[in-house]
Amino acid sequence: MRFLIACLMLLQCGTDASWNGTTRHLRAGFAQYFTEAQFREVFPQAHALYTFDGLVAAAAKYPSFANSGDATADKRELAAFLAQTSHESDHFKATEEYAKDQFPETQYCDKSNGVPCAAGKRYHGRGPIQLSWNYNYNAAGKALGVDLLNQPELVAIDKSVTWQTALWYWMMPQRGGRVIHDVVAKDDGFAQSTDIINGALECGAAATAKNNEKQRIEYYKSMCAKLGVAPVKKMSCNS
């Protein structure tokens, strides 16, 4: 009982928290390493969709994100997440894929896995991770309790949902059954994260967009420096 009272008084029972009136406002674990002021400094041109508070709220659904208790691993994961999402979203300036209007409505519609495509809806890249394809919108929506198959546009307009989709992609099995969260702090973790996100185009001998991978690496090194942590040993999926 004394421990419980002490926790309530100090607000330090395994999570960073503060009181706002009568409402307890939980701060995500990553916020101890990266503040709202830093977010604004590093991404001064970020679209209004991409708020720090939106990321904090989204991270509440995935409390293990950059919050293992190992500061080095957590900072590396946070650096990788911000590097990969800033690359995908053009430093958080793009809420939707720039070339979306050049594609037909069916461009990102694949019904072969049993997931339909809603009439009149497009499943091009949206949000920090540029969520794409009907099956990804469907899976993310089910995980988050939001009907993204029928309302994919929410990813580009809802400040919490947009970050939630990025964290869903980060924390759930993707290409090859790998989970970015599980591998990103390993020696080859950043290379694996790029391979999972866009390996078909950026990794390997047949890759046609290797310059994009180089940009991801530069963003990652920059974020590591900002967070005061050394990058993982293997950053490239092409070496």
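Glycine is no exception: its Cβ is also placed from the backbone N, Cα and C atoms.
Any TrEMBL annotation is an automated prediction that lacks curation.
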| message | Pick from CYS109, CYS203: the cysteine that TrEMBL pairs with CYS117 in a disulfide bond. | response | CYS109
| task | Tell me, from CYS13, CYS203, which cysteine TrEMBL puts in a disulphide with CYS237. | result | CYS203
| task | Please report how many Å separate the Cα atom of CYS117 (disulfide bond) from that of CYS237 (disulfide bond), as a whole number. | result | 33
| request: Could you check what DSSP calls CYS203 (disulfide bond) once collapsed to helix, strand or coil? | output: coil
